[in-house]
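*Asks:* Got a structure for you, written out below as structure tokens; questions coming shortly.
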């Protein structure tokens, strides 16, 4: 992992967006004092989470924002971004697969800081957690600023310990320990509050218990009261309902009388209706006769008019027939005249048609001759224009000929000179290319790199397999632990239920002790029950399962003091063989006989129980494994609510003990396997880390060798390209010279041929001749076209006349045919009108006779109407008398109905209490006693109301509140258990963290101390230095440093000079870097107090460590500058504004060597 570049914008003096790249392992930042070099290191510390303005050389955190300059305004925010290369996978966790990691911090004038990780917003703690244990941080040993050296040497032991912890990678463990302690403190506080709540809640539950009992008593009395009120309402409803039934009987009798009266009235009404219908029928007959009379009158008048009209129509048809004959004669004369004119037009048409055809042939012949003449004229014209143009071109070419010859000669001479110069350059490049050689170091490094890469891949695969195996083992172990905890919890519950005793069991234990008895065991503890029959046996034995097995019966006076007891006596007599097919065959006890089980028959299913029931005696019963127990006197199913399933609990306890033992053994095996896999995994990790370090070292060497090879190949490629370009240019120049020489030869051979003017004149005269001939042909063609056009018009006129005559002939022929048909039609109509006239006169006489018959029928119908009117009047008087008696009966019925409705309302009112309590009358009547009386039930209601009043104020919510609070109490008890378990877990975690921290701190301390003892003499050329612990407790001890340069025996570090302190601090820092190298090391003028000899030692040490650590240092020393492979200059050309200038030393040296 290494730092690729830094981006600054608005940070201190870097107001413009600036990118500072770090492409090499050693980068020196140089520049004059006050130009902003140290601001780069401040920017790195600021991004890594520095929160103290003092350590950033400011008074407030907003001081890092550019505050303006002479020619610049202040900016509103500052931003710094660090880009890391994580190709080596140094960072673990979620960032392990990222090749590049970006960390950015932004602050505005309001003091609001924002952190970004790979472009996503995050917390400051997220940034610091990433670099815990890597040696990077706002105040870690990876960043050594001005004054840090002296502070490091003179720091207190606890402050110096921080560097050792960071190198050991336990700084993140301390963060975890601090979080764990905070969680324990919070958990204990929660536990204390929870205990207070549980105590208070227990007292409140005791109060609620009494209130809940009173509330239950109140609900019981209210239920009885509602029952009596409901039955009282039903009794009242029955009384009113009976009265309604009596009234309904009276109404029924009156309705029968009313029905008879209505029948008589309806009969009279029917007679009236029949009479009126007959009267209406007669009136309809009169109307019919009258209508017929009117119809006959109209028909007679119409027939008389029709006879007169027919006579007039016959006269008109005869006149039309004469007119039609005259029109036919005129049309025949016109038709004959038109046919004669048509014959004359046909003769004229036959004369014009051949004349028009001949004119078209003459026009076509002249047009062809004219087109042919035009083609000859056009060809002659083009030939004349071409000859004229050639004359002009030849004149122009003759003038330019001499000029071009001179120019081509000059170009040939200049090009030959350039070819000679290019040939000299080509010879030089050929000699240079011959000096290039293929490097062999790269090939060797590539082979080593590929071998290391294969070893690293194999190690990674093996490590992944072990990691997956470890995760699977941990998962299995966790699963086994969870199952074991669940089984242990359930076993405790079962044992608690088995050990729990009822009050009567406690009292009977006292009887046993008082009577000097020795209780063996409870009955169920040694009772052997066949599998599947536990429920049936437990139903039959019930509380006897919990009975104490004793040798003798207790004294009578002791037994009389208890209401409930259960003892089983030991029976040493010979055990009788249990009956086959009974429950005694399914359960047995070694000391107690259970003979009554022989009277209980067994069946496999409830259906078989019902089938066997009729076959049982009065003393027998039948039971099945499902818990159905039947006899002639009772029927039961399942256990009662208060029974506690002793047999089932015993069975479950035995099975739980077996399962717990099995899981404990399995857990031990899993723990052992997990420990072995962890050890193997740690060894593989160590091997993998060593292979990774070798791989990284080979990669750096290969990259450096490839970079050198790439530079040489680039130079060689450039030279080859230049050689090819020169060869191509020589070839092009040679081709151009040959082309110009060929063109010069053609110019010398070419002769200008002049065309004579006589050829031009002959061609022009030929064009004029063709033009004259075309005019003559055009004139002849025009005359012929005019005559042809006149003939065509005449032909069209004749054709039109012929067509008009044909149409007239056809029209006259059609007219003659139409008039002939009309004449025949008139004749036919005259013949048809003769017969209808005689028929009409006969019909007229018939209608006059019918008119006399209709008048007689009208007189007879008027007489019948008068007779029916008298009969209807008599029937209507009888109906009025019947209506009066009907009204009186209806009045009596209405009164009775009102009384019935009143009683119905009272009955419904009596049922209103039932609706309020949601009960139905049929349910109450079904369960209500037969001898229930209204007065007695009213007395019961009054008594219950008095009992309810005596209870006083009742808290009805106490029952639900009691249940709720009890449920909450149980929940809080579980919470208390969980919190205690959490405290135990967290304390175990702290112990584990402390153990690991002690181990890592001790190993790191010893390693750093050893490296310090090695580096110090190397830096000073002798002497000794070592680290010492101030306390025996590795978690709290401080670290002090003692250094004695060559020839000195100082007693304290403070007696050293500034240069000696600086070298001692650098020895300590580099010793830490050897153990746990940070991704990069930033040094800010640490060589300032050193002389040239010590600067050389410092540079040699930095150069040696640069193979594994990226160094970025600020220096004014020339020796330190020369050591860097990349120089980055900071200038302040504009006052108050820093800018960057970068130079790659290796590339600069290579360019100088090439030039």
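Placed from the backbone N, Cα and C atoms, the Cβ positions cover glycine too.
Look at TrEMBL and you will find 3-136, 328-1138 tagged as domain 'RecF/RecN/SMC N-terminal'. For 32, 33, 34, 35, 36, 37, 38, 39, the entry in TrEMBL reads ATP binding site. Marked as coiled coil by TrEMBL: 170-320, 356-497, 674-829, 865-892, 972-999.
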*Asks:* Given a separation of at least six residues and a C-beta threshold under 8 Å, show me what packs close to residue 39 (ATP binding site) in the same chain.
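*Replies:* 8, 11, 12, 13, 14, 1138 - these are the non-local Cβ neighbours of residue 39 (ATP binding site), listed in sequence order.
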*Asks:* Check the DSSP secondary structure of residue 37 (ATP binding site), expressed as helix, strand or coil.
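*Replies:* Assignment for residue 37 (ATP binding site) reads coil.
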*Asks:* What are the other residues, in sequence order, whose C-beta lies within 8 angstroms of the center of the C-beta atoms of 32, 33, 34, 35, 36, 37, 38, 39 at the ATP site?
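*Replies:* Other same-chain residues near the ATP site: 13, 31, 1130, 1132, 1138.
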*Asks:* Please determine which of the binding-site residues listed here (33, 38) has the lowest count of neighbouring CB atoms within 10 Å.
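*Replies:* Across 33, 38, these binding-site residues, the one with fewest Cβ atoms within 10 Å is 33.
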*Asks:* Enter the number of other CB atoms within 10 angstroms of the CB of residue 34 (ATP binding site).
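*Replies:* Excluding its own Cβ, residue 34 (ATP binding site) sees 11 Cβ atoms within 10 Å.
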*Asks:* Under 8 Å between C-beta atoms and at least six apart in sequence, can you list the same-chain neighbours of residue 32 (ATP binding site), or say none if there are none?
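*Replies:* Listed in sequence order: 1131, 1132.
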*Asks:* Do any residues at least six apart in sequence from residue 35 (ATP binding site), in the same chain, have a Cβ closer than 8 Å to its Cβ, and if so which, in order?
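*Replies:* Spatial neighbours, sequence-distant, of residue 35 (ATP binding site): 13, 1130, 1131, 1132, 1138.
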*Asks:* Summarise the domain 'RecF/RecN/SMC N-terminal' (3-136) as counts of helix, strand and coil residues per DSSP.
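*Replies:* Once the DSSP states are binned, the domain 'RecF/RecN/SMC N-terminal' (3-136) shows 27 helix, 45 strand, 62 coil.
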*Asks:* Once near-sequence residues are set aside, which residues in the chain of residue 36 (ATP binding site), 6 or more away, have Cβ atoms under 8 Å from its Cβ?
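*Replies:* Set apart from residue 36 (ATP binding site) by at least 6 residues yet with Cβ under 8 Å, we have 12, 13, 14, 1130, 1132, 1138.
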*Asks:* Suppose we draw a 10 Å sphere around the Cβ of residue 37 (ATP binding site). How many other Cβ atoms does it contain, all chains included?
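*Replies:* If we count other Cβ atoms within 10 Å of residue 37 (ATP binding site), we arrive at 22.
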